[in-house]
Amino acid sequence: MGLPPSCSSPHCRFPFSPLPPSSLARVSLGGSSGLRCGFSNPSAGASPRTPVPAAAVSAPAPRLVTGLAADSYRRNQKKKEKGYGGSLPAILRALDGSDERRAVHEALDPFAGKLSPKELTVLLREQRDWRRVVQVFQWMRSQGEQYVPNPIHYNVVLRALGRAREWDKLRLCWIDMARDGVLPTNNTYGILVDVFGKAGLVKEALLWLRHMRSRGVFPDEVTMNTVLRILKDSGQFDHGDKFFNDWCSGRVDLQSLDFESDGEPDMGPLSPRHFLLTEMLRSGGRAPMSEIRSAVEEGSRKPRLAATFNTLIDLYGKAGRLKEASDAFADMLRRGIPPDTTTFNTMIHVCGSHGLLSEAEALLVKMEERRIRPDTKTFNIFMSLYASEGNVEAVMLYYRKIRDSGLKADTVTYRIVLLALCERRMVQEVEGVIGEMKEADECVDEQSIPLVIEMYVEEGLVERAKVFFRDHCLTRQIPSKNYAAIIDVYAEKGLWMEAEDVFYAKRASGHRETVEYNVMIKAYGKAKLYEKALSLFERMASSGAWPDECTYNSIIQMLSVGDLPDRASGLLIKMQEAGMRPRCETFSAVIASSGRAGMLDRAENIFQEMKQLGVLPNEVVYGSLIDTFAESGNVEKALHYFHMMESLRLPVNKIVLTSLIKAHSKMGQWKEAQEVYTKVKELADGPDVVASNCMIDLYAHLGMVSEARALFAGLRSNGQANAVSYAIMMYLYKNMGMLGEAIDVAKEMQQAGLLSDCASFNNVMASYATNGQLRECGELLHQMLIQEILPDVATYKIILTVLKKGAISSEAVSQLESAYTAGKCFSREALVTSMFSTVGLHAFALESCETFITAEHALDLFAYNVAISVFASSGETGKALNLFMRMQDERLRPDIVTYINLAGCYGKAGFVEGLKRLYSKLKYGEIESNESLFKAVVDACRESGRLDLAQLVDQEMRFSLSADTESYQTDLSEQSESETDESSAIL
């Protein structure tokens, strides 16, 4: 089945959170207040160990502004609140009004030489797009002597380019800075460290620290905090702690950080980005030697910013060093540095994520005592902590506190609430929260949409899931990976049509990515719609989504499981032609599929091809080969691969050993099988029920009753015996003529509640039928139908056996058997009905009879015969006679079976005249003489109290049958004489 790229097995469930834990923590619970020059607060966020699942704390919805746009938005809000004086508002409006390049000159040329450096800084910072930042800065530099470059302006530009990840333009800006004679400051290096770190380039970010020291600049507290945050977020907790302590001692030990000896990053193959960074590190302004101070000239220092302690506390918390986190908090208070909301948020999260919820609650009280107002993030942290504990009531309590505190719930708030409620399948509460979101003009986050749909599907509310999808997906831009998550929800439940509706739904924008095709193929695979899966696979390339390794591996495994080895092998070749190497599991699936199809040579060829490609076979591959040859009875080959597996020191598991037992069983080699079974018992967890059943089956086929009984007793005592174990023992006892023991096992199996499928019911019913316990057979059949387990071919064979042993004429049995063999309509229903009636379960028989006599479809003669018999046996003779009249109205001529059933009906009703008519027709040859019919009339006469008539019919039967016998013998004699005369003539 098709899987997303992150999946490793066909059953694996599709994950839809796109960010690593550290990123999730920063997005969901990171700091909000800004430091110098627009730096994001390196304060604590959620630990990577945060118990909130990734889907609950992943990236914000697309409708929210993030990154550089968010910074610009906040600055615009401040501008609206504070207001700029002079000509700045008009210039900013002019720059915002047009995206064209000439708009910069039109807006700024009138003010050339009239703007102060501070006003120019404001103009740069207020731009929302890095391109406009560059355009404004180029205009400033074009003013010649009227503009004096300064590091503040370069810092703004470097920050904008770094956040946009425009590395080449950042390099050019850095070189221009050196050409203009502008020396990088602490602020400059802090910005460079920050933007590279946030881009995930941790080593490259730290290289700027080395460049900084080589230029004689010692990091100030803000730059130190930035480096500390990067080390924390990258999980380098020990390096972060050492770096902080070294900084406090007035030095920076660069050797402890992850650098190469030549000072350049260890980047492996050279990429354009790495080349640009190398060039930047070799350039840049350098201060005069007299101004460069060595690293040891800085004296000891102490942090003075709350943001530094926030980062330090979070670092210790994520490292699991709670004492150091507590000591840092106490040191902060001791130094008189007032903690802010972020400080308490960090401490609350550190305590809560380590199970100290009472301490976290106490910190919230401490916040209020210090008159530090909790923010939305504070309550989000508590919600996430209680959600991880499964305490939905506490989650909802803090959710309500946000509104009661005059705060506004954000995207993370709603994500946590919806996740907690959806996991508990609290449909009404989820819909209530979604209603509140609509009132607040908030959209359901794209990561929460699959969760809500999954809740509806799990609760059987598929139609409501469809409505929710239409309302929240079709009118907005949703990433393909989230569509894939929704499709996967339906795929897991086998709802391929609903998955298909989502896949082909008309979208606001975007296109289907490969991951979406993979999950749709998975949906088809689970529904065994292999042709649809292949058709979709073949259309992928033309739709702009090329199959990847996951696509090939999934569809090949899917076809292998579906026992289509030819197609699976063809795709295996096609995958290799596309330059992709199949996974070991894929080869194993094709080998197993080929083995099941009896293609033993192909299985071995694929095994050799696998090794040639450098894919090392594992124990699963060898297990498939061993099982394949074991099933075919080729013990020599099975042992060959087993010994090869042992020589490679691969772990031998119970599955492999069980296959060997199976191989020896095929050949009747019980001693060798016992030796392998002894190896299974030597394993850590001992033999499982499968291995034990294989041994019992071997003993059963060899008639080794005592050995099988001992092994079965051990399974029962351990509670491991399953339906197969009981079935084998019943088979053994029946074959050995030990019917009493077979019935005891059948009853025990029934009492153990192991009758869960058709095969298990058949085994017990067969035992009862063999022992003549026909009523028990009927009761089991009724129980089977109540559980909605459909009878199979074996079941109907047992029913026919019961009918032949029951009080029903051989003609009726033959008629039913012929109808069933011919596949006639209602033949199966008639067999079941007849069995219930034969064993005396008349209520069940009447109920079953109604299923076909009330049908609009015309009935065949056999169905009328069964219905007449059932009603007559149940004492409802009136209905039986009405059916006989209805049969005649439909121009169906009665046969021997009909007359036999009528005789029984007349006898039950005491209708002597009807019996006399039947006797008369038999006597005068209007009805063909038949022993079963004669006996039925005799029994009916006795039941109606006419013993004289019964005696008369009995005499007529004897005379008629005797005459028929004499006539038959005469025919045989004449035929023999004729053959003798012909032989004589020939001689």
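Keep in mind that glycine also has a Cβ here, set from the backbone N, Cα and C atoms.
Keep in mind that what you see is a predicted model, and the values were worked out from it rather than measured.
Residues or ranges marked as compositional bias 'Acidic residues' in TrEMBL: 974-987.
Taken from TrEMBL, the feature domain 'PROP1-like PPR' applies to 530-643.
Residues or ranges marked as region 'Disordered' by TrEMBL: 964-987.
Marked as repeat 'PPR' by TrEMBL: 150-184 (among others).
Taken residue by residue, the repeat 'PPR' (185-219) breaks down under DSSP into 26 helix, 0 strand, 9 coil. Marked as repeat 'PPR' by TrEMBL: 185-219 (among others).
The repeat 'PPR' annotation in TrEMBL covers 305-339 (among others). Mean pLDDT across the repeat 'PPR' (305-339) comes to 89 in this model.
Positions annotated as repeat 'PPR' by TrEMBL: 340-374 (among others).
Annotation comment: TrEMBL describes 375-409 (among others) as repeat 'PPR'.
Taken from TrEMBL, the feature repeat 'PPR' applies to 513-547 (among others).
Among the features that TrEMBL reports, repeat 'PPR' is placed at 548-582 (among others).
According to TrEMBL, the repeat 'PPR' annotation covers 583-617 (among others). Residues 8-9, 549, 552-553, 556-557, 559-561, 563-565, 568-569, 572, 576, 624-625, 627-629, 631-632, 634, 637 of the same chain sit 6 or more residues outside the repeat 'PPR' (583-617) yet have a Cβ under 8 Å from a Cβ within it.
The annotation repeat 'PPR' is assigned in TrEMBL to 618-652 (among others). Here the repeat 'PPR' (618-652) has Cβ contacts under 8 Å with residues 584-585, 587-588, 591-592, 594-596, 598, 600, 603-604, 607, 610, 659-660, 662-664, 666-667, 669, 679 of the same chain, all six or more residues outside its ends.
Residues 689, 692-693, 696-697, 699-700, 703, 705, 708-709, 712, 715, 763-764, 766-768, 770-771, 773, 780, 783-784 of the same chain lie 6 or more positions beyond the ends of the repeat 'PPR' (722-756) yet place their CB under 8 Å from a CB of it. The repeat 'PPR' annotation in TrEMBL covers 722-756 (among others).
Annotation comment: TrEMBL describes 757-791 (among others) as repeat 'PPR'.
Here the repeat 'PPR' (860-894) has long-range neighbours at 808, 812, 815-816, 818-819, 824-827, 830, 833-834, 837, 842, 845-846, 849, 852-853, 901-902, 904-905, 908-909, 911, meaning same-chain residues at least 6 beyond its ends whose C-beta is under 8 angstroms from one of its own. As annotated by TrEMBL, repeat 'PPR' applies to 860-894 (among others).
Same-chain residues lying 6+ beyond the ends of the repeat 'PPR' (757-791) with a Cβ under 8 Å from its Cβ atoms: 723, 726-727, 730-731, 734, 739-740, 742-743, 745-746, 749-750, 798-799, 801-802, 805-806, 828, 832, 835-836, 838-841, 844.
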